[in-house]
Amino acid sequence: MPSAPQKTKSFRLQTKYVFLTYPRCSSSAENLRDFLWDKLSRFAIFFIAIATELHQDGTPHLHCLIQLDKRSNIRDPSFFDLEGNHPNIQPAKNSEQVLEYISKDGNVITKGEFKKHRVSPSKSDERWRTIIQTATSKEEYLDMIKDEFPHEWATKLQWLEYSANKLFPPQPEIYQATFTEEDLQCHEDLQLWRDQHLYHEPRRAGTRIPSLYICGPSRTGKTTWARSLGRHNYWNGTIDFTVYDDHATYNVIDDIPFKFVPLWKQLIGCQSDFTVNPKYGKKKKIKGGVPCIILCNDDEDWLKNMSPAQIEYFEANCITHFMYAAETFFAPESSSH
(Lines of atoms letter the chains of each structure in order from A and count residues from 1; the text may use other names and numbers.)
(Lines give C-alpha, C1' and ligand atoms only; values in the text may rest on other atoms or scores of the structure.)
Protein backbone atom coordinates (compact mmCIF):
# COMPACT_ATOMS: atom_id res chain seq x y z
CA MET A 1 0.00 0.00 0.00
CA PRO A 2 1.40 3.45 -0.86
CA SER A 3 2.73 5.35 2.11
CA ALA A 4 1.40 8.74 3.16
CA PRO A 5 3.37 11.91 2.49
CA GLN A 6 5.50 13.31 5.28
CA LYS A 7 3.69 15.86 7.39
CA THR A 8 5.92 18.85 7.86
CA LYS A 9 5.48 22.58 7.85
CA SER A 10 9.11 23.44 7.22
CA PHE A 11 10.41 20.96 4.65
CA ARG A 12 13.39 22.13 2.63
CA LEU A 13 15.94 20.09 0.67
CA GLN A 14 19.08 21.91 -0.44
CA THR A 15 21.67 19.48 -1.79
CA LYS A 16 23.24 18.08 -4.95
CA TYR A 17 23.09 14.51 -3.66
CA VAL A 18 19.82 12.83 -2.64
CA PHE A 19 19.02 9.47 -1.07
CA LEU A 20 15.40 8.29 -1.37
CA THR A 21 13.68 5.18 -0.04
CA TYR A 22 10.19 4.23 -1.26
CA PRO A 23 8.79 1.62 1.15
CA ARG A 24 6.36 -0.97 -0.27
CA CYS A 25 6.41 0.83 -3.60
CA SER A 26 3.79 -0.03 -6.21
CA SER A 27 5.73 1.64 -9.05
CA SER A 28 8.47 -0.10 -11.03
CA ALA A 29 12.12 0.92 -10.84
CA GLU A 30 12.06 1.86 -14.53
CA ASN A 31 9.04 4.15 -14.14
CA LEU A 32 10.61 5.80 -11.09
CA ARG A 33 13.90 6.32 -12.93
CA ASP A 34 12.24 8.03 -15.87
CA PHE A 35 9.98 10.09 -13.60
CA LEU A 36 12.84 11.40 -11.45
CA TRP A 37 15.17 12.03 -14.40
CA ASP A 38 12.55 14.23 -16.03
CA LYS A 39 11.49 15.86 -12.74
CA LEU A 40 15.06 16.80 -11.82
CA SER A 41 16.23 17.97 -15.23
CA ARG A 42 16.10 21.60 -14.05
CA PHE A 43 18.80 20.75 -11.51
CA ALA A 44 20.98 19.16 -14.23
CA ILE A 45 20.70 15.57 -13.02
CA PHE A 46 23.64 13.50 -14.30
CA PHE A 47 23.30 10.20 -12.44
CA ILE A 48 20.59 8.06 -10.88
CA ALA A 49 20.68 4.56 -9.42
CA ILE A 50 17.59 2.65 -8.28
CA ALA A 51 17.75 -0.64 -6.39
CA THR A 52 14.83 -2.97 -5.75
CA GLU A 53 14.69 -4.85 -2.45
CA LEU A 54 11.96 -7.28 -1.42
CA HIS A 55 10.43 -7.39 2.04
CA GLN A 56 9.82 -10.76 3.67
CA ASP A 57 6.19 -10.52 2.55
CA GLY A 58 7.33 -10.12 -1.06
CA THR A 59 6.45 -6.43 -1.49
CA PRO A 60 9.23 -4.32 -3.00
CA HIS A 61 10.73 -1.12 -1.77
CA LEU A 62 13.03 1.03 -3.84
CA HIS A 63 16.26 2.78 -2.88
CA CYS A 64 17.38 5.67 -5.03
CA LEU A 65 20.63 7.66 -5.26
CA ILE A 66 20.50 10.91 -7.24
CA GLN A 67 23.41 13.16 -8.25
CA LEU A 68 22.76 16.71 -9.48
CA ASP A 69 25.04 19.29 -11.02
CA LYS A 70 23.00 22.16 -9.56
CA ARG A 71 22.08 22.46 -5.91
CA SER A 72 18.40 21.69 -5.37
CA ASN A 73 16.07 23.95 -3.39
CA ILE A 74 12.92 21.91 -2.87
CA ARG A 75 10.26 23.02 -0.38
CA ASP A 76 7.43 20.67 -1.38
CA PRO A 77 7.60 17.39 0.59
CA SER A 78 5.51 15.69 -2.10
CA PHE A 79 7.97 16.65 -4.88
CA PHE A 80 9.25 13.06 -5.24
CA ASP A 81 5.83 11.37 -4.94
CA LEU A 82 4.95 8.98 -7.78
CA GLU A 83 1.60 7.23 -8.17
CA GLY A 84 0.80 7.75 -4.51
CA ASN A 85 4.17 6.46 -3.34
CA HIS A 86 5.99 8.84 -0.99
CA PRO A 87 9.68 8.33 -0.13
CA ASN A 88 11.85 8.96 2.88
CA ILE A 89 14.05 11.89 1.83
CA GLN A 90 17.56 12.77 3.02
CA PRO A 91 20.81 14.22 1.67
CA ALA A 92 23.43 11.65 0.63
CA LYS A 93 26.52 12.56 2.64
CA ASN A 94 28.71 10.00 0.88
CA SER A 95 27.50 8.93 -2.55
CA GLU A 96 29.94 6.04 -2.82
CA GLN A 97 28.76 4.51 0.47
CA VAL A 98 25.11 4.97 -0.48
CA LEU A 99 25.62 3.31 -3.87
CA GLU A 100 27.46 0.42 -2.22
CA TYR A 101 24.64 0.02 0.30
CA ILE A 102 21.76 -0.04 -2.18
CA SER A 103 23.68 -2.33 -4.59
CA LYS A 104 24.25 -5.09 -2.02
CA ASP A 105 21.61 -7.35 -3.58
CA GLY A 106 22.69 -6.62 -7.16
CA ASN A 107 19.24 -5.62 -8.45
CA VAL A 108 20.14 -2.08 -9.58
CA ILE A 109 19.39 0.01 -12.65
CA THR A 110 21.30 3.21 -13.42
CA LYS A 111 21.37 6.10 -15.83
CA GLY A 112 24.20 8.58 -16.38
CA GLU A 113 27.77 8.56 -15.08
CA PHE A 114 28.45 8.16 -11.35
CA LYS A 115 30.88 10.53 -9.65
CA LYS A 116 32.47 9.82 -6.30
CA HIS A 117 31.28 12.30 -3.76
CA ARG A 118 31.88 12.95 -0.11
CA VAL A 119 30.73 15.96 1.86
CA SER A 120 33.77 18.06 2.74
CA PRO A 121 33.92 20.44 5.68
CA SER A 122 31.92 23.55 5.00
CA LYS A 123 33.65 26.79 4.12
CA SER A 124 32.47 28.12 7.45
CA ASP A 125 34.19 25.27 9.29
CA GLU A 126 37.37 25.90 7.36
CA ARG A 127 37.32 29.59 8.28
CA TRP A 128 36.81 28.75 11.95
CA ARG A 129 39.63 26.21 11.79
CA THR A 130 41.96 28.80 10.28
CA ILE A 131 41.15 31.26 13.06
CA ILE A 132 41.76 28.65 15.77
CA GLN A 133 45.04 27.50 14.25
CA THR A 134 46.52 30.91 13.42
CA ALA A 135 45.46 33.23 16.25
CA THR A 136 48.31 33.86 18.70
CA SER A 137 46.41 35.64 21.48
CA LYS A 138 42.93 36.06 22.90
CA GLU A 139 42.70 39.56 21.43
CA GLU A 140 43.75 38.43 17.96
CA TYR A 141 41.35 35.46 18.13
CA LEU A 142 38.36 37.69 18.94
CA ASP A 143 39.39 40.30 16.36
CA MET A 144 39.57 37.64 13.64
CA ILE A 145 36.12 36.36 14.58
CA LYS A 146 34.77 39.91 14.53
CA ASP A 147 36.08 40.35 10.97
CA GLU A 148 35.00 36.93 9.63
CA PHE A 149 31.78 36.37 11.61
CA PRO A 150 30.40 39.74 12.77
CA HIS A 151 26.96 38.30 13.58
CA GLU A 152 28.39 35.62 15.86
CA TRP A 153 30.66 38.19 17.49
CA ALA A 154 27.72 40.51 18.17
CA THR A 155 25.33 37.85 19.47
CA LYS A 156 27.57 35.21 21.08
CA LEU A 157 30.45 37.19 22.53
CA GLN A 158 30.05 35.62 25.99
CA TRP A 159 30.64 32.12 24.60
CA LEU A 160 33.41 33.31 22.30
CA GLU A 161 35.13 34.83 25.34
CA TYR A 162 34.91 31.43 27.00
CA SER A 163 36.46 29.63 24.01
CA ALA A 164 39.15 32.32 23.82
CA ASN A 165 40.02 31.74 27.47
CA LYS A 166 40.26 27.99 26.81
CA LEU A 167 42.65 28.56 23.91
CA PHE A 168 44.60 31.30 25.64
CA PRO A 169 44.24 30.90 29.42
CA PRO A 170 44.54 34.27 31.17
CA GLN A 171 47.87 34.63 32.93
CA PRO A 172 47.76 36.30 36.35
CA GLU A 173 49.64 39.56 36.57
CA ILE A 174 52.28 39.54 39.29
CA TYR A 175 51.79 42.55 41.53
CA GLN A 176 54.77 44.86 41.94
CA ALA A 177 54.78 46.46 45.38
CA THR A 178 55.09 50.25 45.30
CA PHE A 179 56.49 50.49 48.84
CA THR A 180 59.57 48.83 50.26
CA GLU A 181 59.65 46.94 53.53
CA GLU A 182 61.30 49.96 55.14
CA ASP A 183 58.36 52.17 54.16
CA LEU A 184 55.86 50.02 56.05
CA GLN A 185 55.18 48.91 59.58
CA CYS A 186 52.64 46.67 61.29
CA HIS A 187 51.33 45.81 64.74
CA GLU A 188 53.29 43.10 66.53
CA ASP A 189 50.31 40.72 66.32
CA LEU A 190 50.32 41.05 62.54
CA GLN A 191 54.08 40.69 62.42
CA LEU A 192 53.78 37.45 64.40
CA TRP A 193 51.16 36.08 61.99
CA ARG A 194 53.29 37.08 59.01
CA ASP A 195 56.50 35.54 60.33
CA GLN A 196 54.98 32.35 61.74
CA HIS A 197 52.41 31.54 59.07
CA LEU A 198 53.33 33.34 55.84
CA TYR A 199 57.12 33.55 55.98
CA HIS A 200 57.63 29.96 57.05
CA GLU A 201 59.26 26.79 55.91
CA PRO A 202 57.07 24.53 53.74
CA ARG A 203 54.45 23.05 56.01
CA ARG A 204 53.47 19.41 56.26
CA ALA A 205 50.85 18.29 53.77
CA GLY A 206 47.33 18.47 55.16
CA THR A 207 48.03 21.18 57.72
CA ARG A 208 46.13 24.47 57.51
CA ILE A 209 47.23 27.87 58.72
CA PRO A 210 44.89 30.62 59.95
CA SER A 211 43.76 33.52 57.80
CA LEU A 212 44.03 37.14 58.95
CA TYR A 213 41.19 39.65 59.39
CA ILE A 214 41.97 43.39 59.64
CA CYS A 215 39.16 45.88 60.30
CA GLY A 216 39.88 49.58 60.49
CA PRO A 217 39.69 53.06 58.96
CA SER A 218 40.31 53.88 55.31
CA ARG A 219 43.59 55.33 54.05
CA THR A 220 45.71 53.72 56.74
CA GLY A 221 47.75 51.49 54.42
CA LYS A 222 45.93 48.19 54.99
CA THR A 223 45.90 47.28 51.30
CA THR A 224 49.43 48.50 50.67
CA TRP A 225 50.80 46.37 53.51
CA ALA A 226 48.74 43.28 52.63
CA ARG A 227 49.85 43.37 49.00
CA SER A 228 53.52 43.82 49.87
CA LEU A 229 53.96 40.42 51.53
CA GLY A 230 54.43 38.24 48.45
CA ARG A 231 52.71 36.62 45.49
CA HIS A 232 48.95 36.67 45.97
CA ASN A 233 45.48 36.70 44.44
CA TYR A 234 43.75 40.04 44.92
CA TRP A 235 40.00 40.65 44.91
CA ASN A 236 38.37 44.03 45.33
CA GLY A 237 34.62 44.55 44.97
CA THR A 238 33.88 40.99 43.88
CA ILE A 239 35.31 37.49 44.04
CA ASP A 240 36.12 36.23 40.53
CA PHE A 241 37.96 32.94 40.02
CA THR A 242 38.37 33.42 36.25
CA VAL A 243 42.05 34.22 36.74
CA TYR A 244 43.36 32.40 39.79
CA ASP A 245 47.08 32.07 40.50
CA ASP A 246 47.73 28.59 41.88
CA HIS A 247 51.25 29.69 42.77
CA ALA A 248 50.09 32.50 45.07
CA THR A 249 51.00 32.09 48.74
CA TYR A 250 47.92 33.93 50.01
CA ASN A 251 44.74 35.75 48.93
CA VAL A 252 43.65 39.32 49.66
CA ILE A 253 39.91 40.04 50.01
CA ASP A 254 39.62 43.82 50.02
CA ASP A 255 36.45 45.80 50.82
CA ILE A 256 34.00 43.04 49.89
CA PRO A 257 30.96 42.68 52.18
CA PHE A 258 30.64 39.28 53.84
CA LYS A 259 27.39 38.43 52.01
CA PHE A 260 29.14 38.77 48.65
CA VAL A 261 31.96 36.33 49.39
CA PRO A 262 31.15 32.88 47.95
CA LEU A 263 32.79 29.79 49.43
CA TRP A 264 33.98 31.88 52.37
CA LYS A 265 34.61 28.81 54.53
CA GLN A 266 36.86 27.27 51.89
CA LEU A 267 38.76 30.54 51.49
CA ILE A 268 39.05 31.55 55.15
CA GLY A 269 39.61 27.95 56.25
CA CYS A 270 42.62 27.56 53.93
CA GLN A 271 40.97 24.54 52.31
CA SER A 272 42.43 22.73 49.30
CA ASP A 273 40.99 21.40 46.05
CA PHE A 274 37.54 22.95 46.06
CA THR A 275 35.27 23.63 43.09
CA VAL A 276 34.31 27.13 41.95
CA ASN A 277 32.02 28.50 39.24
CA PRO A 278 33.77 31.45 37.53
CA LYS A 279 31.75 34.18 35.86
CA TYR A 280 31.15 33.31 32.18
CA GLY A 281 32.96 30.01 32.66
CA LYS A 282 32.50 26.41 33.60
CA LYS A 283 33.15 24.96 37.00
CA LYS A 284 36.77 24.23 37.82
CA LYS A 285 38.83 22.99 40.72
CA ILE A 286 40.96 25.46 42.68
CA LYS A 287 44.17 24.27 44.26
CA GLY A 288 43.66 26.54 47.29
CA GLY A 289 45.39 25.65 50.54
CA VAL A 290 46.54 29.22 51.19
CA PRO A 291 45.35 31.72 53.83
CA CYS A 292 43.43 34.92 53.19
CA ILE A 293 43.96 38.44 54.41
CA ILE A 294 40.55 40.09 54.74
CA LEU A 295 40.47 43.89 54.78
CA CYS A 296 37.41 45.98 55.61
CA ASN A 297 36.30 49.24 57.16
CA ASP A 298 34.28 49.48 60.37
CA ASP A 299 30.98 49.95 58.53
CA GLU A 300 31.43 46.59 56.75
CA ASP A 301 32.70 44.60 59.73
CA TRP A 302 32.06 40.98 58.79
CA LEU A 303 31.41 39.86 62.34
CA LYS A 304 28.38 42.14 62.59
CA ASN A 305 26.74 40.23 59.74
CA MET A 306 27.48 36.69 60.89
CA SER A 307 25.37 34.22 62.80
CA PRO A 308 26.79 32.76 66.03
CA ALA A 309 27.71 29.54 64.20
CA GLN A 310 29.48 31.49 61.45
CA ILE A 311 31.39 33.54 64.03
CA GLU A 312 32.48 30.33 65.75
CA TYR A 313 33.91 28.95 62.49
CA PHE A 314 35.46 32.29 61.57
CA GLU A 315 37.28 32.73 64.88
CA ALA A 316 38.50 29.13 64.78
CA ASN A 317 40.10 29.69 61.38
CA CYS A 318 41.08 33.35 61.39
CA ILE A 319 43.12 35.73 63.53
CA THR A 320 41.25 39.03 63.95
CA HIS A 321 42.81 42.45 64.37
CA PHE A 322 40.78 45.61 64.97
CA MET A 323 42.95 48.64 64.39
CA TYR A 324 43.37 50.98 67.34
CA ALA A 325 43.15 54.78 67.15
CA ALA A 326 45.83 56.41 64.99
CA GLU A 327 47.24 53.03 63.89
CA THR A 328 48.79 53.08 60.43
CA PHE A 329 50.78 50.72 58.27
CA PHE A 330 53.00 53.49 56.92
CA ALA A 331 56.29 54.04 58.68
CA PRO A 332 56.62 57.56 60.17
CA GLU A 333 59.06 58.74 57.51
CA SER A 334 57.03 57.42 54.53
CA SER A 335 54.27 59.35 52.80
CA SER A 336 50.76 57.90 53.05
CA HIS A 337 48.12 57.81 50.33
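Any Cβ shown, glycine's included, is placed from N, Cα and C.
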**Fill in**
Among 11-29, 239-257, 258-276, Swiss-Prot marks as region 'Transactivation' the stretch 239-257
**Complete:** As Swiss-Prot has it, motif 'RCR-3' corresponds, among 89-92, 101-104, 153-156, 189-192, to residues 101-104
**Complete:** Among Glu53, Glu96, the candidate listed by Swiss-Prot alongside His61, His63, Asp105 for divalent metal cation is Glu53
**Fill in**
Per Swiss-Prot, the region 'Oligomerization' among 72-84, 124-136, 163-175, 176-188 spans residues 163-175
**Message:** Take the mean position of the Cβ atoms of Glu53, His61, His63, Asp105, the recorded divalent metal cation site. Which other residues of that chain put their Cβ within 8 Å of it?
**Reply:** Ala51, Thr52, Leu54, Pro60, Leu62, Ile102, Asn107
**Request:** Please give the sequence-distant neighbours of the region 'Transactivation' (239-257): residues at least 6 beyond its ends with Cβ less than 8 Å from one of its Cβ atoms.
**Result:** 165, 170-172, 198, 223, 226-227, 229-233, 263, 267, 276-281, 284, 286-287, 290-297, 300, 302, 305
**Request:** To the nearest whole angstrom, state the Cα distance for the pair Gly221 (ATP binding site) and His63 (divalent metal cation binding site).
**Result:** 82
**Nonlocal residues around Pro217 (ATP binding site), in sequence order (Cβ under 8 Å, 6 or more apart)** = Asn297, Asp298, Met323
**Fill in**
Fewest neighbouring Cβ atoms within 10 Å among the binding-site residues Glu53, Asp105 goes to Asp105
**Prompt:** What is the number of other Cβ atoms found within 10 Å of the Cβ of Gly216 (ATP binding site)?
**Reply:** 20
**Message:** If I take the alpha carbons of Glu53 (divalent metal cation binding site) and Thr223 (ATP binding site), what is the distance between them in whole Å?
**Reply:** 81
